[in-house]
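Data block below; observations after.
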Amino acid sequence: MADATKNPIADLSESEQLELSKFIESEQQKVKLQQAIHQFTSTCWPKCIGNIGNKLDKSEEQCLQNCVERFLDCNFHIIKRYALEKFGFLFCWLGFSC
């Protein structure tokens, strides 16, 4: 009977562990991208799309573009604010506005 407490990753070679780590990181990045797309869609779609047709009209396209850009701007601002609170001295030292 197999030992349930044994870590199977420990049996991998160093190169296999590195490959597994890179694969997991890649999958996590895909999940983050999918989450961002879901957030963009749930935030911007109701604001910008009236009737569903074969393609977006110019105003819908522009609205979606502006909405996503504002969404990204807000998220960047929040991340920057958090980073400044957490690592402010480092950001100031590196020359970012503080």
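Numbers here mean position along the shown chain, with the first residue as 1.
Placed from the backbone N, Cα and C atoms, the Cβ positions cover glycine too.
Sequence annotations record features per position, and here Swiss-Prot assigns disulfide bond to CYS44-CYS67 (among others). Neighbour list (CYS67 (disulfide bond), Cβ cut-off 8 Å, at least 6 residues apart, same chain): PHE40, THR43, CYS44, LYS47, CYS48.
Residue counts for the motif 'Twin CX3C motif' (44-67) under DSSP, helix first, then strand, then coil, are 15 helix, 0 strand, 9 coil. Sequence annotations record features per position, and here Swiss-Prot assigns motif 'Twin CX3C motif' to 44-67.
The disulfide bond annotation in Swiss-Prot covers CYS48-CYS63 (among others).
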Which residues does CYS63 (disulfide bond) neighbour through Cβ under 8 Å, counting only same-chain ones at least six apart? CYS44, LYS47, CYS48
Number of Cβ atoms other than its own within 10 Å, given for CYS44 (disulfide bond): 18
10 Å Cβ neighbour count around CYS48 (disulfide bond)? 18
Mean pLDDT, the motif 'Twin CX3C motif' (44-67)? 92
